[in-house]
Amino acid sequence: MQEVISYIQKAVLEISNALKFPDTSYSQNQNFTGDTQLKFDVLSDEIITKTLSQCSSIKAIISEEKDEILTLNERANFIVAYDPLDGSSLMDVNFAIGSIFAIYEEKASAKNLRAALYSMYGARLELVICKDQPKLYRLNANNEFIFIKDLRMNEKGKINATGGTQKFWEEKHAKFIKSLFDEGYRLRYSGAMVSDINQILLKGGGIFSYPATQDAPNGKLRAFFEVFPLAFIIEKAGGKTTNGKNRSLLELEFDKIHATTPCFFGSEYEISKLLKAYNE
C-alpha cells in the first residue's frame with residue numbers, strides 16, 4: 001500500500017503546483033451527478049489518472065468526475081476512489097480546497113477501506129495520511145512531505161460546520177443546530193467539506209453535518225469519494241460518525257459508485273447529542 005500512497009503524494013504535489021496559475025473558468029461539461037465541471041476539476045482528474053495509472057499496485061480507480069470505474073491492472077489488489085478537487089467552486093475566491101482519496105482492497109466498500117488521505121491546498125501544502133492513526137504531513141522547501149504530528153479528537157469541541165440549504169432542513173435538524181449555538185458553538189462552514197473536516201480535526205473537535213433535506217433526501221455528499229474516507233479518518237482519530245440513524249457511516253453499503261448519504265462527523269459529545277435529537 002505504501003507504493004499507492006507514494007503515487008498519491010506525487011499527484012497531490014503536481015496539483016498544488018498547477019494551482020499557482022489556475023484556469024478558474026467553467027467547462028461545458030457536467031459530471032455524473034450533474035455538477036458543471038470547472039476546467040481545473042478536469043485537469044486535477046487528469047493529473048491523478050495519469051499518475052495513478054503508473055502504479056502497478058492499483059487495480060482500478062473511481063473518480064467523482066468519471067461515470068464508471070476505470071480498470072488499470074486486474075491482477076493488482078487496491079482500488080483508489082477520489083474526489084480530485086473538493087471545494088473547487090471556491091477557487092474563484094481563493095479559499096482552501098483539497099483532494100480526498102480512499103484506498104480499498106479488492107472491492108470498493110467501507111469494510112474494505114484500508115487507508116484514507118486528503119490534501120489541503122492552502123497557505124501551505126499539507127497531507128493527512130491515515131492507516132491506523134491520522135498523521136499530518138507538510139511539504140518543506142525540498143519538496144518533501146515531513147511528519148508534523150498525530151491527530152486526535154477531543155471528547156467535545158466548539159466548532160459547528162453545518163451544510164445544506166436551511167429552508168429545506170427538517171425541524172429536528174434545525175432544533176439540533178440551534179441547541180449547539182445556544183451552548184456557545186462557533187459557526188465555521190466554508191462550503192468545502194475537506195476544509196471543514198480538516199479544521200475540526202486539527203482544532204480537536206466539533207461537528208460537521210450535511211443532513212437529509214427536502215431537496216436532497218439522500219444527502220448530497222458521495223459515499224465512496226468523500227464520506228467513507230473522511231469517516232475513516234475521523235473515527236481513527238477517536239471521533240464518531242453517523243447518518244443520523246446508525247452508529248457509524250462505515251456500516252453503510254451501496255451498490256452505485258456515485259451514491260450519496262446524509263452524514264455527520266464529530267466528537268463523541270456532538271454525535272451522541274445528534275443521535276439523541278434525531279431519534280427521540
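Yeah, the Cβs are placed from backbone N, Cα and C, and that goes for glycine too.
Residues within less than 8 Å, Cβ to Cβ, of L85 (Mg(2+) 1 binding site) and separated from it by at least 6 positions along the same chain comprise I15, L38, F40, D41, S44, D45, I97, G98, S99. The feature Mg(2+) 1 binding site is assigned by Swiss-Prot to E64, D83, L85, with sequence analysis given as support.
Cβ neighbours within 10 Å of D83 (Mg(2+) 1 binding site), excluding its own Cβ and spanning all shown chains: 29. Annotated Mg(2+) 2 binding site per Swiss-Prot: D83, D86, E226, in sequence order.
The annotation substrate binding site is assigned in Swiss-Prot to D86, G87, S88, S89, Y189, K220 on the grounds of sequence analysis. Within the same chain, residues at least six positions away from K220 (substrate binding site) with a Cβ under 8 Å of its Cβ are G163, G164, Y210, T260.
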If you draw a 10 Å sphere around the Cβ of E64 (Mg(2+) 1 binding site), how many other Cβ atoms fall inside it, taking every protein chain shown into account?
24
Specify all same-chain residues, apart from the site residues E64, D83, L85, whose Cβ lies within 8 angstroms of the center of the Cβ atoms of the Mg(2+) 1 site, ordered by sequence.
D41, S44, D45, S63, E65, Y82, P84, D86, S88, S99, I100, F225, E226
As a whole number of Å, the Cα atom of D83 (Mg(2+) 1 binding site) is distant from the Cα atom of E226 (Mg(2+) 2 binding site) by 7
So how many other Cβ atoms are close to D86 (Mg(2+) 2 binding site), meaning within 10 Å of its Cβ?
26
Give me the Cα-Cα distance between E226 (Mg(2+) 2 binding site) and Y189 (substrate binding site), rounded to a whole Å.
16
Starting from the Cβ of S89 (substrate binding site), draw a 10 Å sphere and report how many other Cβ atoms land inside it.
18
